[in-house]
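Have a look at the structure below, then the notes.
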Amino acid sequence: MSPFLDAMTRVPPLLAAHLLLAAAALALGLTISLPLAIWSARRPGVARVALGFASLVQTIPSLALLALFYPLLLFVSGLAGGGIPALGFLPSLLALTLYALLPILRNGVTGMAGIDPAVIEAADGMGMTAWQKLRLVEAPLVAPVLMAGVRTAAVWTIGAATLSTTVGQPSLGDLIFAGLQTQNWALVLAGCVSAAGLALAVDALLGLIERGIATRRRGRVYGAGAVLLLAVLAALAPLAVPRAPTIVIGSKNFSEQYILARVIGHRLERAGYRVEYREGLGSAVIYGALSSGAIDVYVDYAGTLWTNAMRRRDTPARPAMVAAIGNWSARTSGVRLLGALGFENAYAFAMRGDAARAKGIVSLDDLVRAAPGLTLGSDLEFLERPEWAAVQRAYPIRFAATHAYSPTFMYRALESGQADVISAFSSDGRIAAEHLTVLTDPRRAIPGYDAILLLAPKRAKDARLAAALTPLVGRIPVAAMREANYLVDRDRNKVSPEGAARWLERRLGL
Amino acid sequence: MADSHSTGPSVAFAAVTKRYSGGAVAVDDVSLEIAGGAFVALVGSSGSGKSTLLKMINRLIVPSAGVVRIDGADVADGPAYALRRRIGYVFQNIGLFPHMTVGENVAIGLRLAGERDTAARVAALLDLVDLPQAFAARMPDALSGGQRQRVGVARALATAPGLLLLDEPFGALDPVTRDQLGNAVRALHDRLGLTTIMVTHDMAEGLILADRVLVMDAGRIVADATPQALLAGQGGAVADALVAVPSEQARRLRALEEGA
């Protein structure tokens with residue numbers, strides 16, 4: 001089977017989730033914006049506030065809007081005594097609903113304002129009540145303009161729903177994000193084609209309804225409406241079937257995480273569990289997803305939790321750090337640290353080997369001297385992370401410029417000379433394969449980054465689950481992990497994370 | 001249908017004033033009685049307050065002070081929509097519902113009253129305003145201006161109201177159509193026994209169609225007389241100035257005729 005067709009086999013469940021999310025957001029958006037549009041049409045003051053708010057929302061990048069709902073819902077959940085999910089469907093729904101408001105509201109208000117005043121005077125003069133006027137005159141006259149707004153909202157919502165992947169809601173974005181990270185273009189293409197196809201199909205159906213209303217053809221309106229309804233019902237159907245208990249495995253958005261998620265998944269499947277993957281979660285939200293139970297298991301890195309969630313600045317020895325994190329997570333959220341996998345994926349500064357030799361740079365101390373003439377390429381979050389702050393405290397490094405890239409493109413930038421130094425990961429297969437020099441950290445500014453296996457609070461006491469996963473503890477050496485990562489990250493003969501996971505399992509006899 | 005009315009209701013204004021928040025006074029303390037079955041023209045220049053006075057009858061405008069009564073009952077009692085369903089209303093911009101057929105437009109008052117089987121009534125109403133019955137299936141934008149206003153009149157008369165309010169009803173029509181439609185409305189008034197109040201800035205129209213002409217200026221009634229009395233110069237200065245225009249035109253036309 002071609003890689004594209006292979007990727008397309010992953011589409012149906014994601015397409016269903018995508019459609020449900022977008023449809024729910026659009027329905028909620030309509031429920032809010034229709035009364036608001038009517039109210040706005042009657043009172044200019046309300047129109048100013050409502051349209052101003054909706055326009056403001058539109059200026060927030062959709063990715064940021066989704067991310068903002070995570071802390072907001074955590075806060076609200078805290079006020080309400082817990083129970084409100086901060087990840088997954090709810091934040092995605094709310095963010096997309098806000099996005100859908102503007103086009104519906106604006107077209108509704110514009111449409112109402114565009115009705116000939118003589119028609120309104122006639123409606124009043126004939127003795128229509130406010131409700132009759134709305135139902136018999138205003139609604140039918142606004143409907144074509146309003147439907148144009150609904151179409152815009154639908155296309156925007158379906159497009160932006162791909163981003164809900166980052167807050168743990170399955171969508172066609174899962175394919176796009178995973179494909180981008182692993183340079184699996186077939187996967188990216190499958191996600192894009194499906195999302196675009198969905199948007200076009202929904203737009204065409206809504207367009208039929210719009211023209212049906214304008215030309216007074218009821219059959220078209222009901223026909224297209226029925227197709228949309230059937231599509232939503234078909235997407236809902238799998239939810240109606242009772243399912244076996246499922247373990248949800250989380251992963252962040254890079255190859256190693258995808259591979260380890262599959263390794264965990266394979267073990268659990270062999271142990272008789274049904275598994276589901278939530279891939280591409282942001283580094284900042286994934287621990288919250290675990291502690292709230294949105295995911296059941298994932299692999300994090302000691303230093304990440306140490307510096308971000310725990311806000312520690314000291315750098316103890318690696319085993320002590322892992323033990324301290326286990327205590328902290330059990331105490332604060334009930335998350336169980338099952339153990340370290342055996343390798344470290346530390347933040348490391350890397351240079352092209354020839355360049356490092358030519359400049360005589362082997363350590364971060366050497367880098368201090370050379371940095372003013374060099375450009376730093378970092379991943380998207382490194383410059384905001386406490387590790388970078390810690391490095392800057394320990395070493396007075398000032399680069400000529402810094403650029404942020406997604407990890408794949410960061411290596412490209414180093415290779416092409418656009419960046420001289422990058423924030424690499426020590427388990428990255430490309431370090432060895434591309435003959436990079438990893439700079440030493442003589443002042444121990446960067447903490448240890450042991451890969452650690454974490455279980456959600458509700459799974460903490462699940463002995464069967466622990467038994468299925470414990471064999472992974474201490475079993476994965478960094479050399480094996482690097483090779484597996486490189487299978488996915490290299491430019492030629494790429495292997496899917498699934499394939500790399502199988503390879504790793506065979507290699508380690510798991 | 002409407003023939004069952006013996007005569008339309010009377011309309012009375014008692015010290016009616018309409019003052020806008022900016023301080024402008026559109027209608028200034030008007031008291032007036034209009035007998036049932038009368039055809040009254042309200043004539044005045046733009047801004048004289050004649051449309052405002054008319055719209056206070058069906059509560060499209062609410063007076064700042066004073067009472068409007070129809071057959072002795074205060075129009076402010078009860079909901080506005082109930083009042084308006086008993087009053088036919090035709091205005092210059094017509095306001096046909098563009099998303100409804102001519103037939104649906106004509107039947108809208110019946111529909112509001114909860115009547116279902118309206119096809120026969122619509123046909124009869126189209127006959128009444130001299131439109132072919134086949135027009136019922138057309139959309140308003142397929143009609144000429146004069147045809148549209150005929151539909152407007154049919155729509156206003158659908159529920160057989162006794163009172164017909166006309167606000168510059170023929171203002172946007174060409175002179176020929178205007179004359180035809182004016183005569184048609186006068187004929188309907190006589191045939192149905194309506195009380196008709198027509199606002200117009202055209203004194204000739206008022207003089208020709210109405211039994212009684214009220215001249216308004218700056219919110220007040222400055223003349224109240226029969227067309228004959230006005231033509232005889234008994235309406236005062238403002239009325240005389242308005243009457244002078246058509247009289248002078250008629251005189252010159254006659255002179256042209258005699259000269260030829």
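Every residue gets a Cβ built from N, Cα and C, even glycine.
What TrEMBL says about this protein:
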type	residues	note
DOMAIN	A:15-206	domain 'ABC transmembrane type-1'
TRANSMEM	A:15-38	transmembrane segment
TRANSMEM	A:50-73	transmembrane segment
TRANSMEM	A:79-102	transmembrane segment
TRANSMEM	A:141-165	transmembrane segment
TRANSMEM	A:185-209	transmembrane segment
TRANSMEM	A:221-241	transmembrane segment
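Within the same chain, the transmembrane segment (A:185-209) stays apart from the transmembrane segment (A:50-73): fewer than three Cβ pairs sit under 8 Å, each pair at least 6 residues apart. Residues of the same chain lying 6 or more positions beyond the ends of the transmembrane segment (A:50-73) and with a Cβ under 8 Å from any Cβ of it are 33, 36, 39-40, 84-87, 90-92, 94-95, 98-99, 101-102, 105-106, 109, 160, 163-164, 166-167, 282, 284-285, 288. Cβ atoms under 8 Å from those of the transmembrane segment (A:141-165) belong to residues 18, 21-22, 25-26, 29-30, 37, 62-63, 66, 92, 95-96, 99-108, 110-112, 114-115, 119, 171-174, 176-177, 191, 195, 198-199, 202-203, 206-207, 209-210, 213-214, 279-280 of the same chain, restricted to positions at least 6 beyond its ends.
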